[in-house]
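> The feature transmembrane segment is assigned by TrEMBL to B:12-43, B:55-74, B:94-115, B:127-146, B:224-244, B:264-286.
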Amino acid sequence: MRCHQRMKMIALLLMLVLLVVLSIHWMTHYLWLSFGVVITAVLVFLVRFETKVIEAREIVLLAVLAAIAAVSRIPFASIPSVQPTTFVIMMAGFVFGAESGLIVGIVAALASNMVLGQGPWTPWQMLAWGLVGLTAGLLRKRSFMKKTWGKVLFALAWGFLFGWIMNIWGLLAFAGADGFTDLTIFIPYFLGSAVFDMMHAVSNVFFFLVFGGLWLNILQRFKTKYGLLDKCKGDSS
Amino acid sequence: MIQRFQAFHPAVCFFYYAGSVTVLMLLQHPVALLAALLLIVVINAVHDRCKGLRQWLVMIIVTGFFLLILNPLFNERGQHVLFVLFDHRITLEAVIKGGMSALTIIAVFAVFVSYNEVMTPNKLLYLFAKFFPQFAVLLMLTLRFIPLMKRRLADISAVQQSKGVYVSGGNWRERAKNGLLYVQVLLTYSLEEAIQTADSMKAREYGSSTRSTYEHFRMKGIDIIAFLLLGFFLAVSIAGRMQGHLYLTVYPVMDSLTLTGTETVYLTAFLIYLSFPLLAEGGGMIRWRLLK
């Protein structure tokens, strides 16, 4: 079984290298190849997740966090572009580490779209929310992230980054089959989304300032009480 | 209902949709895109009389319209000037390019509407479970928790409302704050429950050894034939596109809009590929008649 997973991993990594080589060869098709890289990268993380031995308690905890992140969109349906999903994933990353954050982000995106309907945006949401959890886990040991302003900045930055990643699939439609002829066309596109990104960013910061400390305490307490997902602590710093 | 198509192995259906989206994104010719879009709408119509498509209609039209007008607004390149608007040249080339972007995105949306109808979550989960069993368990648990948490959230909001904590009224600050307060109650509530669920899984020997799984879907002979057929037509369409067919050169000089002979052949191959669900349905009907 292990060996099997290693083979898959090697195959996927080879595919990543192949895609990068191809993108140098076919410069004009870089957007398509970047789409391929996104999907392959997500698959690489999934294969890595398969190789880990995970306790029943831990897998249920991850599922609960992902489900809360997905469901938490519901009470906010009346406010456009404001949803605590990003906040929940960020908290998961801060407390349970980079890999757990990544998995919670990926599963939350995939599962909520299984309920709401899949679309061309699904892989991008998986990537964007996965990266929110991953970076939260990777940066949590840095000195600036221990302070409130560091986390506020982080939450603010992800409001915009999330929007930009999501814009890429819109760009794919713009570009059609042959790259871009004119880059200025994206300025209005990004400006248009900036309003929504701003709302996302501000709501992230708002949620963090009002609830961040409390949530971190709740999750941290839960983690120490049951000794869950502790081994992630070592490999994320 | 496209019952025949739905009865195929999930891998066949998934392959069909992945292939259609890929070729749709690669095509760059208004005639080909229009023909493909019409075919997809017919598939949706046969499927559920466009019920699913109607739900997404507003979003599809808004996105398509946005793409259609944005390109001519910011792109002045081209030789055929249609008209001049406030010193801004609206060219035929820009309109066609914008139109092709709009057609592509509309067609892709329509394919996804059909995908959501045919590829139910259990089929996707089945495919996942083949390659990522642990991830599939996690996904399955999450999918099971989502309706549970919705119910819990409704309970919580009933209790909180009796305490005067609302999400429906007040200013945005209050609403956002109370909304997340609900979610926080949900978190503490669910975390404790999660331990119970996990212990019950553990008690039933979760993770003690690899397990056999119930195979709901079987690869049959007809699935393999479908795979071969789909693969063949997909390969032909992509090969045609690789050779530069079904690609309308817009800059510097626009080609004629009519299709050449070879292009018609490649387009037919792609249209046969796209109409696979219809062909399967039609074939099934003919066989039924003959058997009767």
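We number each residue from 1, going along the chain as drawn.
Glycine is treated like the rest: Cβ placed from N, Cα and C.
Mind mapping these onto the model and telling me what they sit next to?
With a threshold of 8 Å between CB atoms, the same-chain residues lying at least 6 positions outside the transmembrane segment (B:12-43) that come near it are 2, 5-6, 50, 53, 96, 99-100, 103-104, 106-108, 110-112, 114-115, 118-119, 123-124, 127, 223, 226-227, 230-231, 234, 237-238, 241, 246-248, 257-259, 263, 267, 270-271, 273-278.
Here the transmembrane segment (B:127-146) has long-range neighbours at 10-11, 14, 121, 190, 213, meaning same-chain residues at least 6 beyond its ends whose C-beta is under 8 angstroms from one of its own.
Packing against the transmembrane segment (B:224-244) from elsewhere in the chain are residues 8, 11-12, 15-16, 19, 22-23, 26-27, 262-263, 265-266, 269-270, 272-273, 276, 280: each is 6 or more residues past its ends and has a CB under 8 Å from a CB in it.
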> Hey, which bits of the same chain come close to the transmembrane segment (B:264-286), Cβ under 8 Å, at least six residues off its ends?
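Same-chain contacts beyond the ends: 2-5, 8, 16, 19-20, 23, 27, 31-32, 35-36, 39-40, 42-43, 46-47, 114, 118, 226, 229-230, 233-234, 236-237, 240-241, 245-246.
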> Go through the chain and flag residues at least 6 beyond the ends of the transmembrane segment (B:55-74) whose CB is under 8 A from any CB in it; none is fine as an answer.
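Hits for the transmembrane segment (B:55-74): 88, 90-91, 94-95, 97-99, 101-103, 105-106, 109-110, 113.
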